[in-house]
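Taken straight from Swiss-Prot:
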REGION    1-62  region 'Interaction with ERCC1'
MOD_RES   Ser28  phosphoserine
MOD_RES   Ser29  phosphoserine
BINDING   Cys38, His40, Cys127, Cys130  Zn(2+) 1 binding site
BINDING   Cys62, Cys65, Cys93, His101  Zn(2+) 2 binding site
BINDING   Cys85, Cys88, His105, His114  Zn(2+) 3 binding site
COMPBIAS  472-488  compositional bias 'Polar residues'
MOD_RES   Ser507  phosphoserine
MOD_RES   Ser525  phosphoserine
Amino acid sequence: MRVKDPSKDLPEKGKRNKRPLLPHDEDSSDDIAVGLTCQHVSYAVSVNHVKKAVAESLWSVCSECLKERRFCDGQPVLPADVWLCLKCGLQGCGKNSESQHSLRHFKSSGTESHCVVISLSTWVIWCYECNEKLSTHCNKKVLAQIVDFLQKHAFKTQTGAFSRIIKLCEEKREAGEIKKGKKGCTVPSVKGITNLGNTCFFNAVIQNLAQTYILFELMNEIKEDGTKFKISLSSAPQLEPLVVELSSPGPLTSALFLFLHSMKEAEKGPLSPKVLFNQLCQKAPRFKGFQQQDSQELLHHLLDAVRTEETKRIQASILKAFNNPTTKTADDETRKKVKAYGKEGVKMNFIDRIFIGELTSTVMCEECANISTMKDPFIDISLPIIEERVSKPVLLGKMSKCRSLQETDQDHNKGTVTVGNAHQPRASRKHSSPNDKNQLSHDRKHLRKWPSEEEKTVVTHPKNDNLEASPPASTLSTEASLNESLTDGSERDASLESSVDADSEASEPEIASKQPVLLRSRGDSCGHAEQHPHLPLASELPQAKETHGGEEEMAEAIAELHLSGTVTGNRDFHREKQPLNVPNNLCFSEGKHTRLHSAQNAFQTLSQSYVTTSKECSVQSCLYQFTSMELLMGNNKLLCEDCTEKRRKCHKETSSAEKKAGGVYTNARKQLLISAVPAILILHLKRFHQAGLSLRKVNRHVDFPLTLDLAPFCAATCKNISVGEKVLYGLYGIVEHSGSMRGGHYTAYVKVRVPSRKLSECITGRKTAAGLKEPDGELGGHWVHVSDTYVQVVPESRALSAQAYLLFYERIL
C-alpha cells in the first residue's frame, strides 16, 4: 500500500476539465480574422493542379533558377525560401530573394489570378493581392487540405534529392530544339569533380576533355571487345583492306571512357575521379602523392598513355589476323604485309585523328640558297608570353650582313625577323663555346610534339654527347612479335619530367652542347633527332639528353620483331626510341627531307601575315612571334653541307683530316609554319619560366579570340587546304591558373554547346542522321566556370577575362 507524499499534490481533474480553451497564440487569431475576410482563396486555389504539378517537378526548387543551371558542390545554387503557387503549382523564389520569381509569376499571370502562395519552409500562406498572411481555416477546408498534402509530400521527399535536375533541364532544352527543327541535338551537361587532394590540375583538364565531344564519340565506337576495325592501304592499293577484331581497351582508356560517360549522365552529381586518377598514376608515377602538378604535363601524360594502349591494341589485332607470326614462322611476304597494315592502322588511333598536327621547319642557307624542310608532329603549341618591359638594344653591327636580306624579304613583316643569338637564353650564351656555331635559337623548344617513328633515331651518350641516327624503318630486320616492340611512353616520360616543369621556360636555359650535331627534332620532353644533310644544328642537344632515360627499353624493343618501325608515316608519333648506328649511305624517306628551289614558295603562308599593334599581347601576336622568321648567325650559324662540299671540291689536294674539320658555317634563315592542322587545337601559354635561380610566373593577361583564323600561320603547302582559304577554330575550353608558383589553383571554363555535326563527319568519314541542321556560323551555347565541384554559369565576358594557361579550340568547318 502506497503512502501519499504530503509534499506532492494530486492533480485536480475537475478544475482542469473546466479550464476554458485558449487560442494557440495571437498570430493564429489574427490569421483567422484575416483569412475570413480574403476574397481570393475561392478562385486562386486549385488542389488538382497543385497535386499534378508537384508530382511532375522537383520539390522545393525554384523552376526559374533551375533553368539558369547554377551549381555549387554538385548541388543547385537555389534560394532556401521557395514559394508554391496554389493555383498552378509553380515553385519560385520568394520576394526577399534576388530574383523574386514567385512575385514575378503573380504579376505576369494576366487575367487568371495566381495571388495565393505558400512557403515550403515555414508553411505560411500569403495573398499577394491582400498583402497579408492567410489561415488554413478560411474558405472551409481547401487550404487545410492542400497544406496537409504538401506536408506529407515533403516528408516523403528525401532531402538533397536532385538527381533529376539536369535531366529535366535537358528534356526542356531538347523539347525546345525539336520545335526549332533540331531534333536529336542535345546539349551535354556539366558536373563537378571531387578534389582528391591537390588534384585541381587534373580536374580542370578532364572538364575540357569532357566537352571535347568528338573524343567521346570516337572512343564510343571502339569501346567493346571484338569491335571490327577496317584498315585500308592508300599507299599499296594492290593489297585488299584488312578487317581485324580489336581486343578490349586498355585499363586507362577504359577508365577514361567510363568517366567521360558518367560526366554525360544526368542522374549523378559530383563525380569522384579516383579510379581514373589511379590508373593514370600507374602509367605516370610522378602524379602520385597528391602534390601540386602542372596541367599541361598532365594532359600530355594522359593522352600519351591512352595512345600507347590504343597502339598496342591495334598492333595486336593485326598480328592476330596473321596468326601471330614470329621470326621462325613469318616469311618475307607476311612481314611486308604486317608492316604495311601496321603503318596505316596505327595512324587510325583516335588520339592522332583528333589532337595531332604538324609543323614544318624551313631553313635556307644565305650563301648557296639551298632550302631544306623538316616536319614535326605536335600535340599542342607552346607560346611564350612577351612581358611589358624595356628590352636591351641589339647591336646592329652584328646584323649588317643580314640587313639587306631582312629588308627585302620581310619588308611588310619587319617585326618578325629575329636574330637567333638575341633570343638565346642568358645561361646558354654563358656556357657556349666557339664550337657552338650551329646552335639554334631556344625558340625551337616552344613546341611540344610527339615524334614520328622515323624521327626517333637519337641516342644520347652522357659522356661525349654524341648522337647516332638510325636507318629508315624499312631497312630494319624483323625479330619478334609486334606488340613487344612498344614501351610505356608515359612511364618513361614520368622519369624525364619528375623534377622540372617540362613546359615552363625553366627547362630552357640549359648548357648547350659543345659538339655539333646533325639535327634535332622539335620537342620538350620527347626529344628525337634524325640525320639531316643540310641542317646540322647543335642547340637542341640539351633536349636530346632527355632521351637517355628510355635507352634500355629501346634496346630491348629493337632486339625483337621490329614491326612498329614501319607502322608510322609522317603523321605517326610513337614514343619509343631505337639506339642504332648511323650508316654512311643513309637514305631518307620522301617527305622528311625535301629540297626546295624557290625561296618565295618556301616561306609562303595560306594568307597574308597577321599585323600586330603596339603593345599587343594576344594569342595572334604570340603565334605571330612563334612563326616569324629568324636569322641564324653568330653562334647559331648553320653548318651547311652543300657549302662544305663545294669548298672540299675546290681543295682536292687537302688531306682527309683537313677535309673532316673543314666545315662551312653560314648565315641562314629559319621559319616555323603549321603544315597540317588538327581537329582540336590546344595552345599552351608559357606562364612559368626561370628568373635567375628561381621560377616565376608571368601574370600578364593574354587576349584570346572566340574564333581564331590559323591561316596566317600555316604554310602554303598545308595539307587539304588551298591558298587563300581560312582555317577557323572556335574556342570551347580554357584552363586557368590563378595564384603564384608556390600556391595556385586550376579551374576550367567550358562552353556547353551542340556537338558539331560537320566536324564529326570530317573525322569519322560518315554522314550523320539526315534532317539535322547545324546553325550557321558559330554554334550557340553558354559558358560554365568549374572549380572542382563548384559549377556556375558565367557570362562570356568573364570567360574571356580569364588568365588562360591552356586554350582548347575545335575546327569550324
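The backbone N, Cα and C atoms fix where each Cβ goes, and this holds for glycine too.
All features noted in Swiss-Prot, drawn onto the structure.
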| residue | record | Cβ contacts under 8 Å, 6 or more apart |
| --- | --- | --- |
| His40 | Zn(2+) 1 binding site | Ser113, Cys115, Val116, Cys127, Glu129, Cys130 |
| Cys85 | Zn(2+) 3 binding site | Gln91, Gly92, Ser102, His105, Phe106, His114, Val116, Val117 |
| Cys88 | Zn(2+) 3 binding site | Ser46, His49, Val50, Ala53, His114 |
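Other residues of the same chain near the Zn(2+) 3 site, with their Cβ within 8 Å of the Cβ centroid of Cys85, Cys88, His105, His114, are Leu86, Lys87, Gly89, Leu90, Gly92, Ser102, Phe106, Ser109, Val117.
The average pLDDT computed for the region 'Interaction with ERCC1' (1-62) is 61. When secondary structure is read from DSSP and collapsed to three states, Cys93 (Zn(2+) 2 binding site) falls in the strand class. When the CA atoms are compared, no binding-site residues among the candidates Cys62, Cys65, Cys93, His101 lie within 10 A of Cys38 (Zn(2+) 1 binding site). A sphere of 10 angstroms centred on the C-beta of His114 (Zn(2+) 3 binding site) encloses 21 other C-beta atoms. The C-beta environment of His101 (Zn(2+) 2 binding site), restricted to residues of the same chain at least 6 apart in sequence and closer than 8 Å, consists of Cys62, Ser63, Glu64, Cys65, Gly92, Cys93. The secondary structure of His114 (Zn(2+) 3 binding site), as reduced to three states from DSSP, is coil rather than helix or strand. Same-chain residues that are not part of Cys38, His40, Cys127, Cys130 yet have a Cβ within 8 Å of the Cβ center of the Zn(2+) 1 site turn out to be Gln39, Val41, Ala44, Cys115, Val116, Tyr128, Glu129, Glu132, Leu134.
Under DSSP, Cys85 (Zn(2+) 3 binding site) is assigned to a strand (E or B) in the three-state scheme. A sphere of 10 angstroms centred on the C-beta of His105 (Zn(2+) 3 binding site) encloses 21 other C-beta atoms.
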